[in-house]
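> Would you mind keeping the following structure in view while I ask a few things?
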Amino acid sequence: MANPILVFCEQRDGHLKKAGLEALGQACRLSKAGGRDVVALVVGSSVSPLTQEPASHGASRIVIAEDPALSSYSSELFTTIVADLAAGLKPVAILMGATAMGKDLATKVAARLKSAVIQDCVALEMEADGSLIATRPIYGGKLRAVVKPTNPLMQVVTLRPNIFSLLESKPASDVPIERLAVSFDGTRPMARIRDARATADDKKELTEASIIVSGGRGLKGPDNFILLEELAAALGAAVGASRAVVDAGWRPHRDQIGLTGKTVSPQLYIACGISGAIQHQAGMSSARTIVAINNNPNAPIFKLATYGIVGDLFEIVPLLTEEVKNLRAG
Ligand SMILES: Cc1cc2nc3c(=O)[nH]c(=O)nc-3n(C[C@H](O)[C@H](O)[C@H](O)COP(=O)(O)OP(=O)(O)OC[C@H]3O[C@@H](n4cnc5c(N)ncnc54)[C@H](O)[C@@H]3O)c2cc1C
């Protein structure tokens, strides 16, 4: 039997992250040519109820690692689990979502296994011998590097969220589930999370949103973001921001998109009053459709935009909101 593909299916608060299921979908597509098994790993303090989703999204086998010590993410403990499993399983590749957790875990697992790591891939193919050919943006998204690890075993890869499609969910009842005997002998976490507090709001997570309405300094002040909130509510979108407005204290840092903020890949990105500096582009250039609203026809964002509206956002955004509401009302 060919070496399998291992997928780390990230969960938080009892929910599997979409990015992990997308990695599972891509693993299943890659496994077809080589007749490989796809093993889904779910780690946490109480993850037994979460096995159905990876099964229905194509996993041929599910491994769970369950222990109270795993209730919140710990680099060292999670690395031990993934690396120990990989050492026995000898997967040709280990895939996970390029989330904050995935990016951290991938580097440490690769270091432990002395294997290659490729972060934030936007395309991934596999050759017959299991060698991966991965495409990843570099230089803030200006170029794309095509990377091939020299050793086609235990290649660790993170996949940018919202790029790879999910497999259609199908009922699956006979997928084997294995429980790992968790042991942390010799693994001493250098840091422990003592308390994690959710923010008071129930905002959509930017990295998972399929539509983002984003605002920059053109909004003139924090109160005017209400215009974007209204458009976002009509579209079912999340609200993002440029660094300039985050630095000004108009929006929290978790809203920042770009080189020093979040990387997003929504289906639709509406940039309002954002100039489109290279550092902003680094976080959103892989959006499928980009709409820019800016009153300066020479703003760099128009070079990137699929559709550009030259005009005053204070006139255009409310009109758009109205139009979307009318369309939705049918
Ligand atoms: C190391 C480093 C890292 C950085 N990381 C990031 C990052 O992660 N994310 C990020 O965003 N930036 C980042 N930056 C900052 C970046 O270089 C820009 O300064 C920033 O993106 C500009 O934000 P902005 O487009 O909102 O503001 P501005 O550049 O001031 O642009 C405002 C835009 O609004 C338009 N406008 C004004 N009024 C209206 C109106 N009424 N209607 C329509 N349009 C209007 C203007 O024409 C202009 O184009 C980084 C910079 C450095 C050096």
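Even glycines carry a Cβ here, placed using N, Cα and C.
Note: TrEMBL annotation is automatic and uncurated.
As listed in TrEMBL for this protein:
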- 5-202: domain 'Electron transfer flavoprotein alpha/beta-subunit N-terminal' (DOMAIN)
- Arg217, 242-243, 256-260, 273-280, Asn294: FAD binding site (BINDING)
> Among all protein chains shown, how many Cβ atoms are found within 10 Å of the Cβ of Ile274 (FAD binding site), not counting that one?
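The answer is 31 other Cβ atoms.
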> Provide the number of Cβ atoms within 10 Å of the Cβ of Gln256 (FAD binding site), excluding the reference atom itself.
23
> By the count of other Cβ atoms within 10 Å, pick out the sparsest of the binding-site residues Arg217, His280.
Arg217
> Any idea what the model's mean pLDDT is for the domain 'Electron transfer flavoprotein alpha/beta-subunit N-terminal' (5-202)?
92
> Long-range neighbours only, meaning 6 or more apart in sequence with Cβ under 8 Å: which ones does Ala277 (FAD binding site) have?
Ser242, Gly258, Pro300
